[in-house]
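Student: Take a look at the following structure, please.
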Amino acid sequence: MKLFSFSSALALLGLASAFELKISDQDDYRQACSGMWGGDKAYIKVTFDPASRGQVAMVIYEWRDARYLGIDTEPDNYLVPKTYVCTTDAVRAKLCPESQLGKFILNLKGSSLEEISIWSASVGFGNATQVGNSTTNGNTTVALSPAPRHVNNTVVPSGVLWYKDPLLYQVDKKGYYCIAAIPITTGTTADTAVHAEFTGHILFHNIFHGKLAATDYPKITFYMVMALVYLVLGGVWGFMCFKHRDDLLPLQFYISYLVGFLVIEMTATWAYYRYLNSHNRGTATTLFLAVVAILDAGRNALSFFLLLVVSLGLSVVRESLGPVMTRVKLLAGAHFVFGVLYAMGMVELELESASALLLLMFVIPLSFTLSGFLLWIMYALNGTMAELADRKQTYKLGMFRALYRILLLAVIIIGAFFVVSSMSFSNRLDEDYAPETWETRWYLLDAWLAILYLVVFTSIAFLWRPTGHNRRLAMSDELAQDDDGAGEYDLEAIRPDGMGPSEEHLPGTREPLRQEEVVFEIGDDDEDEGRSE
């Protein structure tokens, strides 16, 4: 890792863009961290505003080297926090030498400065004429000049490093890098004391060009691949539909609509992250995010709609759902509306400050429609399988049993990942959570659900794919393969019209008696007695 001057990389900075974070003397902004994909063109640039004044203890380091920062205040009492900055009190307690006054304390523990990533300095803000003046400890200040990270061949510059140009820190290796700036109070008396006040920003420039954080950048490639996969899937599905266009079922039209919608949704998501990578966050990015959220809500509503009509047996067990289809469409519409409201609420509301009642207003309606879909799907699927089993429709029953297994496997996978995710996020408050998970967090939050959806949707589409015997399969019943089952079938009900003579006209069979063809009539007892007389 090297610290080099602003002028030595001016051409590079003119073309580059980077992920940006704020830094200031406020407690919440004294340290900023981000994962980085290191390389020859990766660096960190720290820029302070001209109005900054005073002096700060500054350090840049990779998280694995954090153990070299600070010293145990009381070695025998681990409950007492470490001392990280060398102050006058720390000097009196002999925790650091006077030469490190105003700097971070480095406890190398036998390691060499050349082996670690730490760059540390006491940075002062003032006029350029102050460069070279003596500091309070008698050392000569060091100006920032075109030089490696080791200013004057040392990782820790002697004296005060007076700020003139942005500080650039080269990142050679992948890692989780942090920048900390702690304000220092200078002056020997209360009247001459200067309390540091500073603001600035930090640019994390990775090996890629863009403004996305390193943890989010893989999403661009991921959603591009997903869009291409759905495009290929849509092409294959479209070819099969065209090939068997005379035998298409209503259900296969719904699947076609959803395939096209998925291509649009994945392309929009990919375009959103591409846009976010090349533009600053603002009104345009918020509107783009709203569009993506609406498409996501539409995808969820259409998916549950399709799964429900499949479970109800549309086009395979029954040709039409009748009035039930209207209720299914109303439920899907409500789920879409509540999904859009939920997505917009998550975008606009600040979760930390929003009231619980307000959050529930966005969550509860969506949970009701979601629960309605899930319960109805389970009930419909079980009912359809029971009906097919009673009618001895083994082939169709096999299709729905395969659907049941797909959904059951998806539920098991979701449950397993829920456990894994819960275990992972249960440690989110630990200080090493972000450094350990920045590379894989995007996968747990986004990727695996998208991959699972792709697998489930592709499997269901394969079961209900267009074939040459679609309509014949949907409009006819399967003949029983066992003697017991054969007796339960009504031959008249399953014989198509015009397929040969009926049973009543076959030679050698008995014809049923008609009402007008009475051979004889049996009277009552009174009539018989009268005739005998």
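A Cβ is built for glycine as well, from the same backbone N, Cα and C atoms used for every other residue.
Straight from TrEMBL, here's the annotation block:
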type     : residues : note
SIGNAL   : 1-18     : signal peptide
DOMAIN   : 30-109   : domain 'PTM1-like N-terminal'
DOMAIN   : 218-470  : domain 'GOST seven transmembrane'
TRANSMEM : 220-242  : transmembrane segment
TRANSMEM : 254-275  : transmembrane segment
TRANSMEM : 287-316  : transmembrane segment
TRANSMEM : 328-345  : transmembrane segment
TRANSMEM : 357-381  : transmembrane segment
TRANSMEM : 402-422  : transmembrane segment
TRANSMEM : 442-464  : transmembrane segment
REGION   : 490-533  : region 'Disordered'
COMPBIAS : 502-517  : compositional bias 'Basic and acidic residues'
COMPBIAS : 518-533  : compositional bias 'Acidic residues'
Student: For the transmembrane segment (357-381), which recorded stretch in the set 254-275, 328-345, 442-464 gives the largest number of Cβ pairs separated by under 8 Å?
Tutor: 328-345
Student: Which residue counts does DSSP give the domain 'PTM1-like N-terminal' (30-109) for helix, strand and coil?
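Tutor: Per DSSP, the residues of the domain 'PTM1-like N-terminal' (30-109) fall into 14 helix, 28 strand, 38 coil.
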Student: Compute the average pLDDT of the predicted model within the domain 'PTM1-like N-terminal' (30-109).
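Tutor: Across the residues of the domain 'PTM1-like N-terminal' (30-109) the model's pLDDT averages 85 on the 0 to 100 scale.
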